[in-house]
Amino acid sequence: MAYRIVVTILVLLATICDAQLSSTFYDTTCPDALTTIRTAIRTAVSKERRMAASLIRLHFHDCFVQGCDASILLDDSTTIESEKTALPNLNSARGFQVIDNAKSQVEKVCPGVVSCADIVAVAARDASFAVGGPSWTVKLGRRDSTTASKSLANTDLPFFTDDLQTLISKFTIKGLTAKDMVALSGAHTIGQAQCFTFRDRIYNNASDIDAGFATTRQRGCPSSSSTSNNQKLAALDLVTPNSFDNNYFKNLIQKKGLLQSDQVLFSGGSTDSIVSQYSQNPTAFKSDFAASMINMGDIQPLRGSAGIIRRICSAAN
């Protein structure tokens, strides 16, 4: 009887250990996984620097819907309504081909081993580092979902018109703090936005936007709505749009946040002090950004026997 109990405990412990995320998860099963992914990401970012922000955002938008399970990569099918067509992702989420290419390269060296969810997580880290941002140790061992949720993408992802309390609530639900939220928002320093997401802000003559900044931004974003006008792109940080730095936070203090959901981070509310700290201390920002990316990567991963390892990231095969 005692022997059976010991065996049972050992089996349970083994199962628990097997289910934990670990930075060494692929050391034995696919030792070349990380270098293969890194090469693919560096190549993509060198061709288009904007891709770095897109890959970081892709990881973020994946983790906030069903957890970090690569559900955002799934295409429409008879059983799946893709998250790609949800409002926060429609015509803006990108980098899918980069992930597909990285997955293809990894499959060549160790087929059926590395999950798409892990590739998305590693790609975000490598993209950050490729443009001068921080690096961090990525915990691995996530598995891929066989489902997606367009409805959750529409409700759980932050929206460009969200007020501060709504944003804080959306992050709190995911187990992230207001500090995580502000730190992660700093990735906007290398991001871009479509005209329709900030048109109202730059034309409404509000007190929370610098008048000269609004006028400058109006040149690239016509007041009239049309498909071509709505999709015109603008850098979220005009000063150093290609550098992963803390200028984003300096902009907020000067009332030069392009999106309303950015400016509310410094608007007399509870996150003002965090924005002020990061505007003065780029080292603190980068350190906290890395820590918050690790925290975000821990949101509800599928582990152990849950989920699958997709061979093609866009299909629940």
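All residue numbers here begin at 1 and follow the chain in the order shown.
Using N, Cα and C of the backbone, Cβ positions are placed for all residues, glycine too.
What TrEMBL lists as signal peptide is 1-19.
Residues annotated as disulfide bond in TrEMBL: CYS30-CYS110 (among others). Sequence-distant neighbours of CYS30 (disulfide bond) (same chain, 6+ residues apart, CB-CB distance under 8 A): VAL106, VAL109, CYS110, VAL113, VAL114.
Positions annotated as site 'Transition state stabilizer' by TrEMBL: ARG57. Within 10 Å of the C-beta of ARG57 (site 'Transition state stabilizer') we count 22 further C-beta atoms, all protein chains included.
As annotated by TrEMBL, active site, proton acceptor applies to HIS61.
The annotation Ca(2+) 1 binding site is assigned in TrEMBL to ASP62, VAL65, GLY67, ASP69, SER71, GLU83.
For CYS63-CYS68 (among others), the entry in TrEMBL reads disulfide bond. Counting only same-chain residues six or more apart in sequence, the Cβ atoms lying under 8 angstroms from the Cβ of CYS63 (disulfide bond) belong to LYS174, MET296, GLY297, ILE299, GLN300.
Feature annotation from TrEMBL assigns disulfide bond to CYS116-CYS313 (among others). Contacts of CYS313 (disulfide bond) defined by a Cβ separation under 8 A and a same-chain sequence distance of 6+ are given as ALA70, LEU73, PHE96, ILE99, ASP100, LYS103, CYS116, ILE119, ASP144, in order along the sequence.
For PRO158, the entry in TrEMBL reads substrate binding site. Within 10 Å of the C-beta of PRO158 (substrate binding site) we count 19 further C-beta atoms, all protein chains included.
The disulfide bond annotation in TrEMBL covers CYS195-CYS221 (among others).
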Exercise. In the same chain, which residues outside the set ASP62, VAL65, GLY67, ASP69, SER71, GLU83 have their CB within 8 A of the centroid of the CB atoms that define the Ca(2+) 1 site?
Worked result: HIS61, CYS63, PHE64, GLN66, CYS68, ALA70, ILE72, SER145, ALA148, SER149, ALA153
For this session: To the nearest whole angstrom, state the Cα distance for the pair ASP62 (Ca(2+) 1 binding site) and CYS68 (disulfide bond).
Result: 6
Seminar exercise, completed: By a 10 Å Cβ neighbour count, the lowest-scoring of the recorded positions VAL65, CYS110, CYS116, CYS195, CYS221 is CYS110
Seminar exercise, completed: Sequence-ordered list of residues in the chain of SER71 (Ca(2+) 1 binding site) that lie 6 or more positions away and have a Cβ within less than 8 Å of its Cβ, or none, is ASP62, VAL65, GLU83, SER145, THR147, ALA148, SER149
